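What TrEMBL lists as L-serine binding site is T228, S229, E230, R257, E280, N377, T379. Among the features that TrEMBL reports, ATP binding site is placed at R257, R258, E259, V273, H274, Q275, F276, E344, T345, H346, S347. Marked as domain 'Aminoacyl-transfer RNA synthetases class-II family profile' by TrEMBL: 174-404. According to TrEMBL, the feature site 'Important for serine binding' maps to T379.
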Amino acid sequence: MLDIKFVRENPNKVKESCLKRGVSCDIEKLLKVDERRRKLMSETEAISAEKNRRSKEIAKASDKDKKKMIAEMKKIDKKGGKLVHDLKTVETEFDDLMSKVPNIIFEGVPDGKDSSENVIIEKVGEPPKFDFEFKDYMALAESLDIIDVKRAAKVAGSRFGYLKRGAVLLEFAIVKMVFDTLLEKGFVPVIPPVMLKEEMAKGTGYFEGADEDEAYFFPQDNLFLAGTSEQSLISMHAGEVLNDLPKRYVAFSTCFRREAGSYGKDTKGILRVHQFDKIEMVVFSNPEDSKKEHEFLLSIEKELMNKLELPYQVVNICTGDLGRPAAAKYDIETWIPSENKYRETHSTSNCGDFQARRLDIRQKDRQGKMSFVHTLNGTAFAIGRILIAIIENYQQKDGSIKVPEILQKYTGFKEIRNES
């Protein structure tokens, strides 16, 4: 969340940021509720001080005066109880209004109403030119028996898939390649919980409003299933003071999304599913270094893509397409031959202190001054999507799939062929 002091001092800047995002935020109402909240806090503190003072006086009073003083104290208690009740009510409204205010957009983020106005800033590699009639990834995968969505639908319903044979080995080759690359750069490897307490989940800035419909929630346990390991990695340091920044983590986990807002989109195959594996990077940074760390995460994403030798483009996400916690964001989109277009496979976001403020993650500078850290995240690979790109871009005339050279030392084979 934002610093309420910042909102008070910069209401127009906050309104402008909301407007650029296309988000409706009642900042005037928020400030009025904040004023009421502060007044009640002051009155509650005054009543508490009055009660303490009178308690001391009662202790010293004569028996004759005590009866009258105790009667007066009961009136003060009643007034104090009402103030506490009113304060809790106002604080609930205040927290609700604050949670709806998105992060302030960083300078340099292009203006735009939606994804159609995102800005392509770089293209790498050329789409393959096939001298044969190429197939889409599901046709190839089914012929090679490496992805099975029909049996998955029988077992779990739509938007699930079995990975089998070469696809499984390809997944773990990708994971090993990523971990080898990132451990050399000082990242700490993590396998995180895939469930989060409600306060931790919402502390990351997701699981609220429209995002809440995308999450799986177990009310009997008050737990959410993680939509990305960013959520459990960021929450890992909730309530802590961090030293020796930056702290960099890379996590492998299974992720879960309801895809409630995707009705009719990408219904076949494994592009948009309820359960998928993902390798995610997270950084906790000093505020002054976070923009540099953001570029560092993007450079890693590009390095990993270059290792796979897949054609891709880098996109600067516009104001209207930013998620609530992000202050700036890049996507990488990879060429998918069967669709004759680039599809999103990666993102990396700088969330500033938005998540850290909600989760109370701080750092102490050399002068001993405390401040909130900045948090950043970036996709190393969303496994399903990168498998799609590999299968389609590396397909061969005989229906086999060439394994990217960088992965061959991990798979132990150079091609995926029909084993029947």
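Heads up, the Cβ atoms here are built off N, Cα and C, so glycines get one too.
Features recorded in TrEMBL, as mapped to the structure shown.
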{"residue": "T228", "record": "L-serine binding site", "Cβ neighbours (10 Å)": "23"}
{"residue": "S229", "record": "L-serine binding site", "Cβ neighbours (10 Å)": "27"}
{"residue": "E230", "record": "L-serine binding site", "Cβ neighbours (10 Å)": "29"}
{"residue": "R257", "record": "L-serine binding site", "Cβ neighbours (10 Å)": "20"}
{"residue": "E259", "record": "ATP binding site", "Cβ neighbours (10 Å)": "17"}
{"residue": "H274", "record": "ATP binding site", "Cβ neighbours (10 Å)": "17"}
{"residue": "E280", "record": "L-serine binding site", "Cβ neighbours (10 Å)": "25"}
{"residue": "T345", "record": "ATP binding site", "Cβ neighbours (10 Å)": "24"}
{"residue": "N377", "record": "L-serine binding site", "Cβ neighbours (10 Å)": "27"}
{"residue": "T379", "record": "L-serine binding site", "Cβ neighbours (10 Å)": "24"}
Rounded Cα-Cα span from E280 (L-serine binding site) to S347 (ATP binding site), Å:
10
Using an 8 Å cut-off from the Cβ centroid of T228, S229, E230, R257, E280, N377, T379, can you name the remaining same-chain residues around the L-serine site, in sequence order?
A226, G227, Q231, C255, K278
Just checking the binding-site residues H274, F276, T345: which sit within 10 A of R257 (L-serine binding site), CA to CA?
H274, F276
If I take the Cα of E280 (L-serine binding site) as reference, which of the binding-site residues E259, H274, T345 has the closest Cα?
T345
Shortest C-alpha distance to T228 (L-serine binding site) - which of the binding-site residues E259, H274, F276:
F276
Count the other Cβ atoms sitting within 10 Å of the Cβ of S347 (ATP binding site), across every protein chain shown.
22
Spatial neighbours of T345 (ATP binding site), counting only the binding-site residues S229, E230, N377, T379 and Cα distances within 10 Å:
T379
From binding-site residues S229, E230, N377, the one whose Cα lies nearest H274 (ATP binding site):
S229
CB contacts for F276 (ATP binding site) [other CB atoms within 10 A, all chains]:
21
